[in-house]
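Okay, structure first, notes after.
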Amino acid sequence: MAKEIFGRLPPLPSISEVLRMYRVHAKKSLSQNFLLEPKLTSKFVSRAGKIRGSYVCEVGPGAGSITRSILAQRPKHIVVVEKDARFLPSLLMLQNACQGHMSVVLGDILKFDMSKLFPRETERPWEDECPPIHIIGNLPFNVSLPLIIKWLRAISKHDSAWRYGRVNMTLSVQEEVGVRITAVPAHSQRSRLSVMCQNWCEVEHLFTIPGRAFVPQPDVNVSIIKFTPRIRPLIDMDFDLFEKFVRVMFSMRQRQCKHPLQRLFPIHKREELATKLFTVADVDPNAPSFNLTFDELERLSLTYGLIVEQHPELRHYDHINPACIAEDKARISLLSSKKIPRLSAE
């Protein structure tokens, strides 16, 4: 495995030497920040769980500093997905040293399909223990949010990497994003991201890495978060409909929840359906959105789902969609004209 393989080869250059050798510098446009300290990369990998004999997909390996720490744990195989072609020489150097235990993919992880990435024998029933697969990544700041939402959607459908079972993810994110991911009800940073992540995964803040440990140094610290998919989501609802509900609710997260949630409905049905939503769900409409518990969220979101079943056109209603805005304005104008009494001609 990794240690035995490296023991038979000449010493590889350090990551800092590789960066100098190939004149590679972090690209601001790609939000690149390199973690080069071996003690920290080893801690990152060790907190992911049992790597020995497992399969690993590493996202955004860069020059391969975390990759080396993964290899030191002797995985069965590691696939690294890197968008920046400047890192290919460094990664191919590692691949050649690993003699078949590493594959390099040049591509955008936001477009990358992981459904055929691992052997079929690694598959586990969803209700069983997690498969011997890990997703590990020092995520660029500019892709972390869309990537996490994309993966949560795949988890909800047991798709992509999650066709193999409840695959764990250990990811680095900006500290403020990490706080939002793990924020509990009534926490000041409770948000759409908190609810989406916690609904489909158990999330754990592992540790924080100070910004000064990265090259170049970012203005923020970095949190390492572990995601373990739940056997059953806390709220079992269609992903896109639930995401829409949560997105609207947290558009005014510190205000009374009645204000944002009424926007789920078009203007001519708003008062009637918003009243029905809170009455049937038995939730206080004056409670701030960020205070709502998962039990209250479940009652509200499932009631909203029932209302959508009764009024299918609501599934596509979006209060910020230009067409919906125009239709609402037209209805407001029509309602206003009906309220203005006409002068009779004498």
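Using the three backbone atoms N, Cα and C, a Cβ is placed for every residue, glycine included.
The annotation S-adenosyl-L-methionine binding site is assigned in TrEMBL to ASN33, LEU35, GLY60, GLU82, ASP108, ASN138. Residues or ranges marked as domain 'Ribosomal RNA adenine methylase transferase N-terminal' in TrEMBL: 40-231.
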Applying a 10 Å Cβ distance cut-off over all chains shown, what neighbour count does ASP108 (S-adenosyl-L-methionine binding site) have? 10
Where among the binding-site residues ASN33, ASN138 do you find the Cβ with the fewest other Cβ atoms within 10 Å? ASN33
Of the residues named as S-adenosyl-L-methionine binders, ASN33, LEU35, GLY60, GLU82, ASP108, ASN138, how far apart in Å are the Cα atoms of the most distant pair? 20
For the domain 'Ribosomal RNA adenine methylase transferase N-terminal' (40-231), report the average pLDDT of the model, please. 95
Please give me the CB contact count at 10 A for GLY60 (S-adenosyl-L-methionine binding site), counting all chains in the structure. 24
Counting other C-beta atoms within 10 angstroms, the emptiest spot among the binding-site residues LEU35, GLU82 is LEU35
The correct three-state DSSP answer for GLY60 (S-adenosyl-L-methionine binding site) is coil
Tell me, by DSSP, whether ASN33 (S-adenosyl-L-methionine binding site) is helix, strand or coil? coil
